[in-house]
Amino acid sequence: MRSNQSPQSRETISQGSVTPLVLSALTLCIACYFGFRWWQIESRGWTPVDSIGVLDSGPPLRDFEVTEREGVPLRSQELRGKVWVASFFFTGCPGACAQLNQRIKDLHNDGALQDVTWVSITCDPENDKVGEALLTNPMRTTACQR
């Protein structure tokens, strides 16, 4: 017996049966991804920001002194009465530190935040010589003026 279907109609039928299979596989992959992300968040015990509430301010900050990139000391007394933000970094940090420093630079350059003092403190003073880093590779180090 000879089939009444033309080769074109058989090809259309086989393509039509593949589409639901591909869509089902894609849907399964997406569901697995979001399920895995949900499991990661739940297993780490992350708390949504809006549910944290007000945090205690903690004990008063002790007096401190750090060396500014030009070698000039910066004392905590100079920051009293000012709004200031501190961040900690090291210049050899790949990825996250560079992104953090870039974001701080963007905030530093924001005119609405001109009254904020930005203090970035290295976690690796033996290897972090910001002045030298700026001279050797200015694109790698993000700097804000005092």
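Including glycine, each Cβ sits where the backbone N, Cα and C put it.
Predicted automatically and left uncurated, TrEMBL annotations should be read as such.
Predicted, not measured: the structure shown is a model, and the values here were computed from it.
Under the heading Cu cation binding site, TrEMBL lists Cys93, Cys97. The number of other Cβ atoms within 10 Å of the Cβ belonging to Cys93 (Cu cation binding site), over all protein chains shown, comes to 15. Look at Cys93 (Cu cation binding site): DSSP puts it in coil.
The disulfide bond annotation in TrEMBL covers Cys93-Cys97.
Feature annotation from TrEMBL assigns transmembrane segment to 21-39.
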Notebook entry, point to check: Any residues 6+ beyond the ends of the transmembrane segment (21-39) with a Cβ under 8 Å from its own?
Noted result: none
